[in-house]
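Enquirer: What TrEMBL shows for this protein is this:
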DISULFID  C669-C725  disulfide bond
DOMAIN    359-424  domain 'Ionotropic glutamate receptor L-glutamate and glycine-binding'
SIGNAL    1-20  signal peptide
SITE      I585  site 'Crucial to convey clamshell closure to channel opening'
SITE      K703  site 'Interaction with the cone snail toxin Con-ikot-ikot'
Amino acid sequence: MNVATHYFLFFKLFSFVCYSDQLQQLNIGAFFYENEFEYQRAFESAILRINSENKSNFKLLPIIKKLSSYDGPIALKREVHAYTKLQDLFQLHSLHTDIVRIRKFKRNEDYRILWKSIKGERRIVLDCSPNILLDLLKAAVPFDLTGQFNHLFLTNLDTHSSEIKSFRDNPTFAMNVTAVRLKLNDDFYKHSLAHKRDFANIKFHRQPLKVTLIYDALMLYGIALKNITTNYPTIQRYVNCEYNEYNSTYSSPAGSYVYNSMINVRISPLDGVHFRSGSLLFDDNGQRTGFEIEMYEPLHDYGTAFWNTKGQITQQHTGANVLKKIVYRVATRIGEPYFMEKFCFFFFYDCKNNYFNRILHSSTAKTENVTHNGRYMGYAVDLIEALSKEIGFEYIFVPVADNGYGKYNKETKQWNGIIGELINNDAHMGICDLTITQARKTVVDFTVPFMQLGISILAYQKPTESKAWSAFLDPFTVDVWIYVMISIFIIALLFIFMARISRDEWENPHPCNKDPICLENKWNISNSFWLTMGSIMTAGSDILPCSASMRTFNAMWWIFAVIIANSYTANLAAFLTNSKMEGSISGIQDLAEQTKVKFGTMEGGSTFTFFSESNETTYRLAYNLMQNNDPPAYTKDNKEGVDRVLKNNGSYMFLMETTSLEYNTERNCKLKMLGEKFGEKHYAIAVPFGAEYRSNLSVAILKLSERGELFQLKNKWWKNHNNTCHEGVQMDASETPDMTFSEVRGIFYTLGVGVIVAYTVGIFEFLIYTQKVAAAEKLTFKKAFLKEIIFVLCVWNNKKPLKLASSNSSKATSPNAP
């Protein structure tokens with residue numbers, strides 16, 4: 001703001017000059033109130049220096065008149081006022097009344113009314129006298145206008161003479177204050193013998209501005225008189241200083257001449273040290289040019305920048321030791337695994353779903369009375385801690401009230417969530433799973449990303465169900481198995497009758513005997529069933545038909561057997577492993593081209609914005625489907641979306657960022673990521689526009705990335721080391737899973753039953769045979785059984801003698817026979 005552009009010539013305050021009759025002595029007068037001792041000393045000091053350094057033929061004689069407060073104000077025209085300094089703001093107010101609000105106040109009135117009328121404002125420009133500034137600011141404290149994120153600009157050039165420094169250690173006064181003052185001339189205090197002792201205090205500007213201006217105006221007046229008396233020894237001797245009837249003074253030709261001479265004075269480098277405020281140069285209108293205004297922090301009294309009459313601003317390099325200590329407020333939101341309150345968790349094994357689960361027991365933070373940052377944990381907490389150590393700053397976490405990321409409301413034209421906190425200057429930075437979007441970049445700045453991600457589909461993963469022992473029968477339904485069994489029985493019987501009517505199936509039982517007594521048909525019930533069963537089991541048989549009719553009949557049966565066997569084999573693996581997907585959805589395109597499975601995303605989030613603003617056909621189609629869903633497909637946060645996926649058992653899918661998706665799938669075996677990720681995104685730390693610490697944060701993030709600390713942090717908070725999901729979940733259709741015993745145990749049961757039945761039949765045959773041996777050899781059943789069982793156990797003996805007939809005949813002819 002050009003607060004000093006319209007300052008008029010200072011010496012106009014001292015234009016009432018009377019001259020004596022003697023040319024060598026010139027009287028110069030001044031009016032001062034009784035309490036204006038500093039102004040009087042400045043006037044006398046300037047006269048003393050002019051007279052001591054003057055080489056002309058004149059000498060100034062000061063004439064001072066004291067006024068009391070009862071005398072009333074001096075009738076002088078005030079050329080400088082607040083409206084001139086603030087003209088740019090007044091013009092802006094006339095154009096945008098909703099952006100700039102103006103309030104007027106008077107001395108000694110109730111200042112609380114003023115502050116109450118602007119409660120909630122963050123940026124205030126205040127123009128007031130230094131002697132009421134302290135009372136004004138004290139009245140602003142109850143209205144939350146002096147907090148850390150409030151900004152105050154003081155336009156009065158004498159602010160340095162106020163008592164504002166008393167707020168330096170006041171905890172209720174944390175606002176950012178900027179003031180302005182006229183830049184003084186260092187060379188004046190260095191070279192002037194009379195002011196060397198003041199050089200050490202120049203930076204404190206302990207004197208009011210008017211003291212400096214009085215001194216410089218008189219010095220300029222003295223230089224002009226010197227030039228006049230050198231060229232024109234004679235000066236008008238008298239000027240009437242009385243007021244006329246119109247309450248104004250008579251003009252003097254000499255006064256105008258002196259005025260013009262002062263404007264046109266060209267100060268040499270040597271004369272430049274005569275002025276406290278630097279070189280005095282004026283334009284044709286008598287306005288001063290070439291001066292500088294310093295912007296500074298008045299509480300700690302350090303400069304920040306210089307402004308000159310050309311409109312240029314030069315930054316000052318302020319030492320870190322004079323900067324105000326800042327505790328950075330970090331806005332964030334509750335959400336795993338980025339930012340969470342510290343809790344105790346108990347882990348238990350879910351036998352039904354075959355994975356570890358956890359339950360919340362109690363809050364460690366509340367139990368141990370942990371406060372401030374110690375209450376929280378998570379990826380964002382660790383990242384900010386690492387950055388604070390890398391850069392060196394203090395911070396405090398501030399969870400946002402609405403737990404939102406930042407959504408723009410078109411009706412109120414306001415942002416909520418973390419972005420709103422930054423826009424309103426209630427936070428220095430914002431961190432969580434906050435995505436960089438174009439809309440957010442128009443209102444805040446972002447650091448370099450600390451995480452790269454995309455979008456994918458969160459789907460329900462049905463756990464593997466325990467198979468029944470008869471699972472190997474699932475490829476065919478019960479009625480198919482019944483029809484197959486009936487077919488085997490009928491075909492076997494038909495085979496018997498077909499063989500009996502076929503002439504070529506009757507064969508000579510003894511081929512060496514050319515003249516057999518009878519013919520034999522080998523297709524009895526046993527052989528017929530054996531051939532039928534062998535064909536259906538693709539095992540074949542050692543006996544085959546001979547006649548053309550039988551072979552034709554058998555070929556048709558083989559065709560049927562091959563089809564049945566291959567159909568069973570083709571479907572067996574799928575039924576045993578459940579690897580066959582219940583749907584055909586493998587990515588976002590499949591999801592967008594169907595209507596059976598509903599899907600959605602978090603309303604107002606970056607994923608929602610990605611679909612709503614995309615011009616790609618697939619993404620636009622998906623957005624339209626989400627818009628038309630009933631009930632609404634959108635959720636208020638990711639947690640609600642995850643819960644809906646679990647609750648709907650596959651009829652609802654959730655579109656979310658891959659980082660959150662990976663975190664949830666690591667901890668719940670009923671969830672899985674479906675398809676490839678798309679729509680590349682980045683997480684970064686948000687800061688207010690123009691924040692000077694943004695570059696430092698970016699550099700620190702890059703250093704952490706290069707050292708691998710960002711990767712370690714993600715591994716720490718994402719990886720679930722108790723994850724057992726791979727032990728019992730469905731596999732994708734593209735994978736070839738291994739079958740477990742539970743899936744094929746029915747086949748083993750069938751084999752076992754068959755072996756038991758076979759051995760049961762064999763044992764009965766053995767017992768019947770043993771009974772025959774006992775009868776033939778005249779032995780008891782026990783002895784015959786022991787004899788036969790011992791022979792059976794001699795597995796190395798494969799030859800068995802025929803003793804039944806020989807034993808009978810020998811016993812009959814033996815003399816020792818009983």
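From the backbone N, Cα and C atoms, a Cβ is placed for every residue, glycine too.
A TrEMBL annotation is a machine prediction, not a hand-curated record.
I would like each feature placed in context: is it buried or exposed, what are its neighbours, and how far apart are things?
Expert: All protein chains considered, the CB of C669 (disulfide bond) has 23 other CB atoms within 10 Å.
Per DSSP, the domain 'Ionotropic glutamate receptor L-glutamate and glycine-binding' (359-424) is made up of 28 helix, 16 strand, 22 coil.
Within its own chain, I585 (site 'Crucial to convey clamshell closure to channel opening') has I457, A459, L591, Q594, V597, M653, L674, G675 as residues 6 or more apart in sequence whose C-beta sits under 8 angstroms from its own.
Every protein chain shown contributes to the tally, and the Cβ of K703 (site 'Interaction with the cone snail toxin Con-ikot-ikot') ends up with 15 other Cβ atoms within 10 Å.
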Enquirer: Express the predicted model's confidence over the domain 'Ionotropic glutamate receptor L-glutamate and glycine-binding' (359-424) as a mean pLDDT, rounded to an integer.
Expert: 82
Enquirer: What whole-number Å value do you get for the CA-CA distance of K703 (site 'Interaction with the cone snail toxin Con-ikot-ikot') and C669 (disulfide bond)?
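Expert: It is 36 Å, counting Cα to Cα.
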